[in-house]
Ligand SMILES: NC(=O)C1=CN([C@@H]2O[C@H](COP(=O)(O)OP(=O)(O)OC[C@H]3O[C@@H](n4cnc5c(N)ncnc54)[C@H](O)[C@@H]3O)[C@@H](O)[C@H]2O)C=CC1
Ligand SMILES: O=C([O-])CC(=O)C(=O)O
């Protein structure tokens, strides 16, 4: 079974913690794990909370937002899976939400409306992310941080700078969540290639905005005989996937359900890595030397300490080589914008 299918099975709650133990995991391999979601009452936060409640690898789910978390937590807590759910609201409860956390997932911040770029969210979301990361540095400095809030190309560098200032930065523990780009690339490719989507895998590298999103269809598995025009169109659709949803929602926000799914898959991969499951590989935006840029998304092997190994890009087609060059100036300036903001 491929990792997506396995994860999907875990996400549907078909495995309980006790059934994992019965299936041969020792109790050591399913240790207690606390996951905190910051922004848990939002469009992404609510379905993400639901999906994490279905994951048998966690024992404690802490839901934090500036408003409305008690209701979300009460609702999710009635689901008869093993983890305990607690809700926290407002600044004064943020520390308790974070204390003891193994993974902090951050979908806090405003989403796009039609006509906006992800960078247009910077002015509001940069400050939100900075404040939340200061609290992470104080209350759970060793947690893995899964950054969903946009613009990811800048919010991840902001988080890194905040952690550096606090003396807690560990580049192995900070991730920009780009899994939705992979989820989209798989779906769009399977449709075009007419192959079952469950078996499809495609690396998506670079960043998480427009041309910085680079799906490597030349490395798609299974292979399909698509024309150059079809690859160009699939690439553009993957790059514009977020905008497609923003426009369809017509002012009511951006991707929430598919993002919750992608965020839950990535958190599940992080939990598996922490628990010592071998060969857990996901694309994610991390501190990197795969290119000359200080942060870059590529395939990463996840392990007990977070990033275990950053994998290279592999062979690129000429079209992908060009795409890589085309993204660099935008990605560089988004990273620098984040670093400058954090050090203001
Ligand atoms: N990385 C990715 O692939 C994707 C990222 N996103 C981004 O995720 C973010 C959230 O999107 P939605 O859930 O749709 O927005 P939303 O507005 O529905 O929810 C955001 C939540 O964050 C909360 N929030 C605001 N300030 C906070 C703070 N200081 N502490 C804790 N919570 C706070 C709000 O109260 C709200 O409940 C946006 O920035 C969006 O652009 C969205 C889709 C995909
Ligand atoms: O497009 C947006 O604003 C939200 C997002 O990051 C995505 O859906 O990929």
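Cβ coordinates come from backbone N, Cα and C, glycine included.
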| query | Out of 80, 125, 275, which does TrEMBL tie to the same NAD(+) site as 39, 40, 41, 42, 43, 44, 45, 65, 148, 149, 150, 259? | reply | 125
| In the structure shown, which of the binding-site residues 39, 43, 45 has the fewest Cβ neighbours within 10 Å? | 43
| query | Got a sec? Which of 125, 184, 259, the binding-site residues, have CB under 6 Å of any ligand 1 atom? | reply | 125, 259
| Neighbouring C-beta atoms (10 Å sphere around the C-beta of residue 150 (substrate binding site)) | 26
| query | Taking DSSP states H, G and I as helix and E and B as strand, how many residues of the domain 'Lactate/malate dehydrogenase N-terminal' (34-176) are helix, strand and coil? | reply | 66 helix, 28 strand, 49 coil
| request: Quick one: of the binding-site residues 39, 45, 125, 149, flag those whose CB is under 6 Å from ligand 2, and say none if nothing qualifies. | output: none
